[in-house]
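What Swiss-Prot lists as active site is Glu145. Residues or ranges marked as Zn(2+) binding site by Swiss-Prot: His144, His148, Glu224. Sequence annotations record features per position, and here Swiss-Prot assigns transmembrane segment to 14-34, 39-59, 159-179, 195-215 based on sequence analysis.
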Amino acid sequence: MLYQQIARNKRKTILVMFGFFVLLALIGAAIGYLFARTVIGGMIIAAIIAVIYMSVIIGQSTDVVMRMNNATEVRSASDAPELWHIVEDMALVARVPMPKVYIIHDPSPNAFATGNDPEHAAVAATTGLMEKMNREELEGVMAHEMTHVRNYDIRLQTIALALASAIAMLVNFAGNFWWIGGRSSSDDRDNPSSIFAILGSILLIILAPLAATIAQMALSRNREYLADAGAVELTRNPQGMISALEKLKTAVPMKHVDPSSSALYISDPEKNAKHHPFSNLFDTHPPLDKRIERLRQM
């Protein structure tokens with residue numbers, strides 16, 4: 001089961017990369033058509049920019065994500081002994097290398113894992129998590145994060161985060177260039193086919209970040225159920241994980257969190273209350289009640 005899930009996540013990584021690159025190509029085509037009337041040229045430029053951006057953020061994913069979330073590295077066990085030793089124990093049980101450990105100074109209990117692979121992983125916990133959770137609950141949370149590391153979820157989410165950010169950057173560039181002076185000529189506005197092409201390009205640029213966000217959120221929701229079950233497998237203590245999730249239900253939003261990193265956390269750090277019919281498409285996590293229910297059925 002474990003190795004099947006790892007293989008499945010690797011296949012998902014390939015599919016996610018392919019899907020995002022298709023989206024990037026379409027955005028490049030739209031930008032190229034709008035501003036230079038060259039679809040191929042726009043696609044090539046977008047691909048080059050995206051590859052450079054992805055190489056930087058993926059190559060430095062841990063440092064980038066930790067800076068975005070104001071996390072401070074724990075250099076030795078003496079700086080945070082309980083957290084350090086729990087992470088060390090859970091890494092040993094999960095049979096992965098000891099990850100780097102970080103602390104986020106925020107009263108809201110939360111945690112996340114990031115990195116490219118188990119050899120370059122890192123976990124972060126808020127001061128609120130360390131203060132509000134007892135040892136069994138903290139073990140459950142860290143086991144959850146170690147499951148993400150072991151199953152290569154961290155690579156999948158890092159790639160999704162990098163590509164979604166690259167898409168947002170390209171769309172932001174297109175919007176700024178449009179207002180500065182990249183609008184179409186009067187000849188284009190008089191040509192019906194050009195008008196439709198322009199409108200289609202604008203619509204694609206507007207909807208692309210939405211599509212990227214929905215894909216990223218779906219990946220995040222799916223991986224949480226598996227990590228909860230993995231935490232129970234590692235600790236042999238379902239009640240510890242259930243109790244931790246119960247406490248997360250009553251947590252307040254984090255004070256300082258980067259929205260693009262929300263999907264990485266064990267629980268939605270922004271605690272957004274959405275009640276419209278399509279809210280589930282944009283949820284970064286499954287409802288905590290459903291996660292608890294699944295654990296109780298194990």
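Start at 1 and count along the chain as shown; that gives each residue its number.
The backbone N, Cα and C atoms fix where each Cβ goes, and this holds for glycine too.
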An 8 Å radius from the center of the His144, His148, Glu224 Cβ atoms defines the neighbourhood of the Zn(2+) site; name the other residues of that chain inside it, in order. Ala113, Glu145, Thr147, Asp153, Arg223, Leu226, Ala227, Asp228, Gly230, Ala231, Ile266
For a quick check of understanding: among the recorded positions Glu145, Glu224, which residue's Cβ has the most other Cβ atoms within 10 Å? Glu145
By a Cβ-Cβ criterion of under 8 Å, what residues six or more beyond either terminus of the transmembrane segment (39-59) are in contact with it? 21, 24-25, 27-33, 116, 158-159, 161-163, 165-167, 169-170
Measure from the Cβ of His148 (Zn(2+) binding site) and count the other Cβ atoms within 10 Å, all protein chains considered. 30
For Glu145 (active site) and Glu224 (Zn(2+) binding site), what Cα-Cα distance in Å is obtained after rounding to a whole number? 10
